[in-house]
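Undergrad: First the structure, which I've put down as structure tokens, then a few questions once you've had a look.
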Amino acid sequence: MSFKTLSALALALGAAVQFASAAVPLVQKRATCADGRTTANAACCVLFPILDDIQENLFDGAQCGEEVHESLRLTFHDAIGFSPTLGGGGADGSIIAFDTIETNFPANAGIDEIVSAQKPFVAKHNISAGDFIQFAGAVGVSNCPGGVRIPFFLGRPDAVAASPDHLVPEPFDSVDSILARMSDAGFSPVEVVWLLASHSIAAADKVDPSIPGTPFDSTPGVFDSQFFIETQLKGRLFPGTADNKGEAQSPLQGEIRLQSDHLLARDPQTACEWQSMVNNQPKIQNRFAATMSKMALLGQDKTKLIDCSDVIPTPPALVGAAHLPAGFSLSDVEQACAATPFPALTADPGPVTSVPPVPGS
């Protein structure tokens with residue numbers, strides 16, 4: 001066999017091996033933790049005992065209840081304390097580390113309760129307050145039917161200073177003011193809409209103190225599109241007292257509507273994106289997870305953090321389908337997006353009902 005023939009054969013064999021390597025991906029080695037669970041990075045093993053502890057002792061056995069709602073709120077109130085011009089460390093845990101300062105900010109009214117609930121877990125486990133806040137929020141959302149696995153990165157350093165005041169948007173702020181504040185932190189108008197999917201599993205305690213634990217939609221224990229549907233219905237009543245700052249009329253007894261949500265659902269800058277979330281569970285899940293991950297990294301250097309996203313549990317499947325509440329029809333929708341028709345939805349059977357408060361509020 002000539003040298004030229006041998007060379008051609010070697011090249012052919014090399015190409016075949018290269019093709020085979022490309023066709024059969026290498027199996028990624030996973031770390032086995034002390035309790036037998038596995039993760040992509042051994043540094044993430046420290047999270048499994050924390051996961052078990054908060055599921056049992058903070059979230060009442062992995063429920064999607066009041067503590068989940070408040071933990072998710074805390075992720076935002078800590079992280080949005082960030083401005084390139086005004087300062088703030090972002091998602092650094094300052095709202096826990098400097099709680100005597102930040103919980104007294106007017107926009108953080110009522111958040112002292114979840115801060116007090118989380119502080120013992122931070123003290124007990126080897127984790128920074130910034131990491132714990134974002135980890136607890138991600139785990140909490142995963143408890144909700146229809147929820148998402150929000151990416152989680154470990155390794156935030158301890159906060160060195162309190163956030164400045166006036167960085168958290170208020171429910172009585174104008175749309176332009178809210179969008180300007182969020183733009184300052186790096187978020188576009190559509191990303192603001194995506195973040196507000198959090199209100200699908202949220203409630204208000206302080207907007208109307210006479211009715212604590214009043215949810216923003218009729219399914220506060222399910223991560224779904226009902227919030228985006230029901231905020232577009234005509235307001236009929238105040239579920240408690242009237243004339244509360246930051247409150248608009250709600251369509252249902254037992255459901256509260258923030259003035260900011262009412263306006264964002266109808267503003268030309270956000271109305272079409274708002275409507276696009278109706279009955280679009282994959283979009284809600286994908287956009288919310290991506291934007292929450294972005295928010296959780298405000299003020300942080302991602303290259304210095306460890307991706308521990310695989311520790312976050314897989315959420316239960318969505319329960320139920322998008323619908324109009326009983327007693328409503330499409331004529332009750334105050335459609336603000338002229339570009340596309342409002343999705344065709346049917347109403348639940350029966351008369352108009354009342355939404356119960358979130359248990360444990």
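The backbone N, Cα and C atoms fix where each Cβ goes, and this holds for glycine too.
According to Swiss-Prot:
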SIGNAL    1-22  signal peptide
DISULFID  C33-C45  disulfide bond
DISULFID  C44-C308  disulfide bond
DISULFID  C64-C144  disulfide bond
BINDING   E66, E70, D205  Mn(2+) binding site
SITE      R73  site 'Transition state stabilizer'
ACT_SITE  H77  active site, proton acceptor
BINDING   D78, G90, D92, S94  Ca(2+) 1 binding site
CARBOHYD  N126  N-linked glycosylation site
ACT_SITE  W194  active site, tryptophan radical intermediate
BINDING   H199, A203, A204, D205, K206, V207  heme b binding site
BINDING   S200, D217, T219, V222, D224  Ca(2+) 2 binding site
DISULFID  C272-C337  disulfide bond
Undergrad: Compile a sequence-ordered list of residues in the same chain as V207 (heme b binding site), six or more apart from it, whose Cβ lies below 8 A from its Cβ; state 'none' when nothing qualifies.
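TA: In sequence order, P171, N244, K245, G246, E247, I256, L258 meet the Cβ cut-off.
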Undergrad: For V222 (Ca(2+) 2 binding site) and D205 (Mn(2+) binding site), what Cα-Cα distance in Å is obtained after rounding to a whole number?
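TA: About 19 Å separates the two Cα atoms.
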Undergrad: Spatial neighbours of R73 (site 'Transition state stabilizer') among the binding-site residues H199, K206, T219, defined as Cα within 10 A: which are they?
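TA: Cα filter at 10 Å returns H199.
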Undergrad: Roughly how many angstrom lie between the C-alpha atoms of H77 (active site, proton acceptor) and G90 (Ca(2+) 1 binding site)?
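TA: Computed Cα spacing between H77 (active site, proton acceptor) and G90 (Ca(2+) 1 binding site) is 9 Å.
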Undergrad: Considering the recorded positions C45, A203, V222, C272, which residue's Cβ sits among the greatest number of other Cβ atoms within 10 Å?
TA: A203
Undergrad: Which state, by DSSP, holds the residue listed as 'active site, proton acceptor': helix, strand or coil?
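TA: The residue listed as 'active site, proton acceptor' sits in a helix per DSSP.
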Undergrad: I'd like the number of other C-beta atoms within 10 A of the C-beta of K206 (heme b binding site), please.
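TA: Step by step: centre on the Cβ of K206 (heme b binding site), count other Cβ atoms within 10 Å, giving 14.
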Undergrad: Given a separation of at least six residues and a C-beta threshold under 8 Å, show me what packs close to D92 (Ca(2+) 1 binding site) in the same chain.
TA: D78, A129, G130, R156, P157, D158, A159, V160, G299, Q300
Undergrad: Give the number of CB atoms, excluding that of D78 (Ca(2+) 1 binding site) itself, located within 10 Å of its CB.
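TA: Result for D78 (Ca(2+) 1 binding site): 35 neighbouring Cβ atoms inside 10 Å.
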